[in-house]
Amino acid sequence: MITSAKAALRAALLGLALASTAGCTSMVRDPVPLAMIDKASFQSATPIRYWGDQLPAAYASAYRSNSHILSLSGGGLNGAYGAGYLTGWTARGTRPSFDLVTGISVGAMIAPLAFLGSRYDGRLQAILANVGSESLGGPGLLAMLFGAPALADNAVVKRMIAEIIDEETLAAIASEHRKGRRLLVGTTNLDAERPVVWDIGAIANSTLPNRLELVRQVILASAALPGFFPPVLIEVTIDGKRYDELHVDGGITQQFVMLPGDGQGRGRSKSTLYAIYNGTTQPTPQIVKASGLSILGRAVPTLLKYRDRGDVRELENTARANGISYHLAAIPGGFPEPPTRNAQLQAWLNALYALGFKNGSVGNWQSSR
């Protein structure tokens, strides 16, 4: 069964503390030379990805038109809340067709089905229904100390992504892309130490022979929590020679895909940005044992929570600067942490999904303009 993020973090921290004393080997790679890191490309007639901190200004047009934009954050198991919120929103009868959908990490897994519309809610529910009963195999901590790239393998996540992205959904995404709608997913290129935003619709609509596999790889990379899940090597070409890039969880660099804004829509834009943050912005008080691992195990999630809150604020500030309506949904404070006992995990996921459904069905947004 899938372990809690806190347990995984503690194991990873222990591994990092001991790794310097162990000899190790690494993944076999043919990395892009650093001097050529901006030249990596794919055999596609149109661009399929961009640096996430340098998105083309064309994306700012979403703020100037009458667009519905959905931004989905990372959050691991907390993604059950976002999935529940979307299906509850459907039940309310006010969920729009989104012109632009973005996703990071678990949000990247939800994003394709949210993009394709409420008729895919059933598939989203079916995938989540058995998450807690899945078993994550893997090399474990000892093997990680001696060179294994992660604590767990990603076979379960691969199967989930294959259920989300098949030939039918890929064709549907391509069709919507041709209508002008956009689906963006974020990863982190660890070699470059920069976020990367992938245009999933452009990949789906391309003539790349591996487009199905590439979309699956990108989403898998977006959800690859470093140390817990292995990174994803994505093959690129430079001057006819093949290299690889090492991609991991998009949430390492940003919890939301940050679209550029030019302020030109201020005062006249009718666009709306809906952000679903699969986490809580509220403090969660907890007594911490005075041991090194307990302190690290508490301090690192606290650091990440406040980093995430900064991303939430940046998203809102960008919306305000561009004069568009902004609505945020997040897990209410007080909801319990994931259980440490795997036998209780599915019940916890079901409860979180139900809470998301309830809040989505009544339109429980924090809003501003």
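One-based numbering along the chain as shown.
Backbone N, Cα and C define each Cβ position, glycine as well.
Keep in mind the model is a prediction, meaning the values are calculated, not measured.
Taken from TrEMBL, the feature active site, nucleophile applies to S105. Within 10 Å of the Cβ of S105 (active site, nucleophile) there are 30 other Cβ atoms, across all protein chains. In the three-state DSSP reading, S105 (active site, nucleophile) counts as coil.
Long-range C-beta contacts of D249 (active site, proton acceptor), restricted to its own chain and to partners at least six residues apart, with a cutoff below 8 Å, comprise G74, S105, T187, T188, A221, S222, A223, A224, L225, P226, F229. As annotated by TrEMBL, active site, proton acceptor applies to D249.
The motif 'GXGXXG' annotation in TrEMBL covers 74-79. Same-chain residues lying 6+ beyond the ends of the motif 'GXGXXG' (74-79) with a Cβ under 8 Å from its Cβ atoms: 2, 4-5, 104-110, 131, 223, 225, 249-251, 255, 277-279, 331, 338, 345, 349, 352.
According to TrEMBL, the feature motif 'GXSXG' maps to 103-107. Averaged across the motif 'GXSXG' (103-107), pLDDT for the predicted model comes to 96.
The helix, strand and coil residue counts that DSSP assigns across the motif 'GXGXXG' (74-79) are 4 helix, 0 strand, 2 coil.
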